Amino acid sequence: MWWFQQGLCILPVALVLWTAATFIFAYITAVLLKHVDPLVPYISDTGTVAPERCVFGIMLDISAYLGIATMYVRYKQVQALTVEEESKLHKLNLVGLVLGWTSSFGMCIVANFQKTTLFSMHLVGAILTFGVGALYILVQTLVSLCMQPHVHGKSIFWVRLSIGVWTFASIISMFVSSVIMYSSLPGVDVAHKLHWIPGETGYIPHIISTISEWSLALSFVSFFLTYIRDFQKVTLRAEVDLQSNHLYDSPHYSITAQVNQSETSPLMAGGI
């Protein structure tokens, strides 16, 4: 059995690889079609113009769904490993799930509302994705702190803490540079500006802002890589509980044959 077939680690692996492929495909297509500059454009700019925006939207939606599934499995895993008496940890775990799903919903907004089409909604989606997503990373880091040393060692906590610091540093850098960029370009529709000339007003803050955004996206991807080892110890099964031995509505078809109530099968496991 290969390492990615163990437990449910295929979920975070698929999330990371698919999301990375989304960004890379959109970037290469946008650059080849000369829709953006090759030097570090905004991620959103690479998915603004057709045809890349169509595929970018679909692929990013799938990433959001993979994120929802990954965060739910993480929630169930922590819930199973935590005794009932640890109510604070259970509440923290639930808060993490809500934040994670909210961040994934924001990703869907980013995917379907391009910045040049409806900038306000795109901005809301970006805030939900990155802002709430950063809070999700913070909460999961706190969960890791509470779970060591009785569930896992300190190393995974320090790794997640380092990624959390990286995430918040990228957010601060992107916010500050974006404010400077917008303030230096009064009257300019920056949302529709896809091409930048080196040396023009606002160019340096723009580059710092775009680098910070790519750094932020990379920190998110790196965080989900920390789930791989944990998810190797989780399997998910579906149990069928039959309430009847037929699928008719009429009682005329009632049959007294014994119903198998205990059928179970792997839903997502290493044997996929």
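Cβ from N, Cα, C; glycine included.
Nobody curates TrEMBL annotations by hand; they come from automatic prediction.
So that you can see what the record holds, here are the features copied from TrEMBL:
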{"type": "DOMAIN", "residues": "9-233", "note": "domain 'CWH43-like N-terminal'"}
{"type": "TRANSMEM", "residues": "50-73", "note": "transmembrane segment"}
{"type": "TRANSMEM", "residues": "94-113", "note": "transmembrane segment"}
{"type": "TRANSMEM", "residues": "119-145", "note": "transmembrane segment"}
{"type": "TRANSMEM", "residues": "157-183", "note": "transmembrane segment"}
{"type": "TRANSMEM", "residues": "203-228", "note": "transmembrane segment"}
Residues of the parent chain within Cβ reach of the transmembrane segment (94-113), under 8 Å, 6 or more residues beyond its termini = 44, 47, 56-58, 60-61, 63-65, 67-68, 71-72, 74-75, 121-122, 124-130, 132-133, 135-136, 139-140, 143
Request  = Let me know the model's mean pLDDT on the domain 'CWH43-like N-terminal' (9-233).
outcome  = 90
Remote residues contacting the transmembrane segment (203-228) - C-beta distance under 8 A, at least 6 residues beyond either end = 9, 11-13, 15-16, 19-20, 23, 39-43, 67, 70, 74, 130, 133, 137, 140, 156, 159-160, 163-164, 166-167, 170-171, 173-174, 177-178, 180-181, 184, 196-197
